[in-house]
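Asker: First the structure, then my questions, so here it is.
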Amino acid sequence: MEAQGVLDGLRSRVLLPRRAGRAPRAFGWALPTAVLCGYGFFASLRPSEPFLTPYLLGPDKNLTETQVFNEIYPVWTYSYLVLLFPVFLATDYLRYKPVILLQGLSLIVTWFMLLYAEGLLAIQFLEFFYGLVTATEIAYYSYIYSVVDLTLYQKVTSYCRSATLVGFTVGSVSGQILVSVFDWPLFNLNVISLTAVSVAFAMAWFLPMPQKSLFFHHRQSSTQEERVDIVKVIKELWQDFLLCYSSRPLLCWSVWWALSTCGYFQVINYAQGLWEKVLPSQTSPIYNGGVEAVSTLLGAVAVFVVGYIKTSWATWGEIALAMFSLCIAAAVYIMDSVHNIWVCYASYIVFRIVYMLLITIATFQIATNLSVERYALVFGVNTFIALALQTLLTLIVVDAKGLGLDIFTQFMIYAGYFAAIAVVFFISGTCSIIRKSWKKERRNEATTDGA
């Protein structure tokens, strides 16, 4: 369920200033940044999360595999999709802080219910609240840009992403140590998670209230409250949408983003279920926390390294997407077909590293020449499309009301899904290279004739 957190950790690396401004005094940005980083660290410090599936299937909740995989987990996907757009608008309209508080409260409700809720319906409500948690993450990743100067965007972005990354890693590692070394029950890990998110909720109250936002509140509010024309803002967003997606390169990278993110969400949301089938946690030691920590850290290294890769993405971008998508398909196929837990773990790590590398490249390419406002819009649209596709895939493949396929068949479908993405982009990239070659030849011929 930490899919969106990883993706958010990548996307705002490119929200850099488009114009210069005067930097505020140190205390003007240091306080909100420190409080927000503290919130992000404790909100991500959830040692029980890598062990969610074993916990639900174990004696604490005593749910069946069909209930967990086909009736409970799909609720998160549906909730996230339904809540994303209204939360996107509400976040900007309410100026971030109230939505951050809502996220903190939703985290508390989610982990309180994990501890004490019983039965299928109660756990499904829990998944709805977790959908609210992930939908409101946009407030955390947007808040800081409303309270600091443009010249500080890169610095504060780095701090905020690092806080969530460190929190998630510390949580995963500590959870693995407590389970493997000290033989702690999973219930106790959830107690630690509830304590951490409660601390995060308390810290959120100390965030200064922003006076402006990207769309609804462009200017600092004065003593007389600014009147906002919501219809006008939505019309402006629609015009920006048409303008942004009229660019073929942006459309190409956005299509890959939406398609691959859909598959990525599915794989990481159900990976624990696959591992549970390969090696049941009730009879064998598991290392889910360690795997999540390693894949996150190596993914972060890949994200850092990609910034130094020099290539013509305009020419070779689609071919690169095709080749790496094929690598992802192979990793998912191996994870599904070789029923060895260590092979599953290794394939999962490769899967996450390659995806995080590619999504970072896509982020860079999409953000080129876009303002912060238009980048936020494009990201929101791409994420919404990804969730719509994921909802369709979940409804058909996973949900008990659809085909309700077993976990191994699901992962075989996901491998085929990424292979299809690779084929589509290989064909598109090849055609694009051929067209550019023809145009170059015609220009050369015209130059020769003119001479």
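Even glycines carry a Cβ here, placed using N, Cα and C.
Pulled from TrEMBL, these are the listed features:
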- 26-45: transmembrane segment (TRANSMEM)
- 72-91: transmembrane segment (TRANSMEM)
- 98-116: transmembrane segment (TRANSMEM)
- 128-148: transmembrane segment (TRANSMEM)
- 160-181: transmembrane segment (TRANSMEM)
- 187-207: transmembrane segment (TRANSMEM)
- 250-271: transmembrane segment (TRANSMEM)
- 291-309: transmembrane segment (TRANSMEM)
- 316-334: transmembrane segment (TRANSMEM)
- 340-364: transmembrane segment (TRANSMEM)
- 376-398: transmembrane segment (TRANSMEM)
- 410-434: transmembrane segment (TRANSMEM)
Asker: Where, among 72-91, 128-148, 410-434, do we find the most CB pairs under 8 A to the transmembrane segment (316-334)?
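Answerer: It is 410-434 that shares the most Cβ pairs under 8 Å with the transmembrane segment (316-334).
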Asker: Should anything in the same chain at least six residues away from the transmembrane segment (340-364) have a Cβ under 8 Å from its Cβ atoms, list it; otherwise answer none.
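Answerer: That would be 6-7, 10-11, 13-14, 253-254, 256-257, 260-261, 264, 267-268, 271, 274-275, 278-279, 284, 286-287, 291, 294-296, 298-300, 302-303, 305-306, 309, 313, 317, 320-321, 324-325, 327-328, 331-332, 334.
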Asker: Would you say the transmembrane segment (291-309) and the transmembrane segment (128-148) are in contact under the rule of three or more C-beta pairs closer than 8 Å, pairs 6 or more apart in sequence?
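Answerer: Counting Cβ pairs under 8 Å, fewer than 3, so no.
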Asker: Check the transmembrane segment (187-207) against each of 26-45, 250-271, 376-398 and return whichever range has the most CB pairs under 8 Å.
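Answerer: Stretch with the highest Cβ contact count: 26-45.
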Asker: Output the single range from 26-45, 98-116, 160-181, 250-271, 410-434 maximising the number of Cβ pairs under 8 Å to the transmembrane segment (291-309).
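Answerer: Ranking 26-45, 98-116, 160-181, 250-271, 410-434 by Cβ pairs under 8 Å to the transmembrane segment (291-309) puts 160-181 first.
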Asker: Thinking of Cβ pairs under 8 Å, which stretch from 72-91, 98-116, 250-271, 376-398 has the most of them with the transmembrane segment (26-45)?
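Answerer: The stretch with the most contacts is 98-116.
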Asker: Quick one: do the transmembrane segment (250-271) and the transmembrane segment (376-398) have at least 3 Cβ pairs under 8 Å, skipping pairs fewer than 6 apart in sequence?
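Answerer: Yes; at least 3 Cβ pairs under 8 Å.
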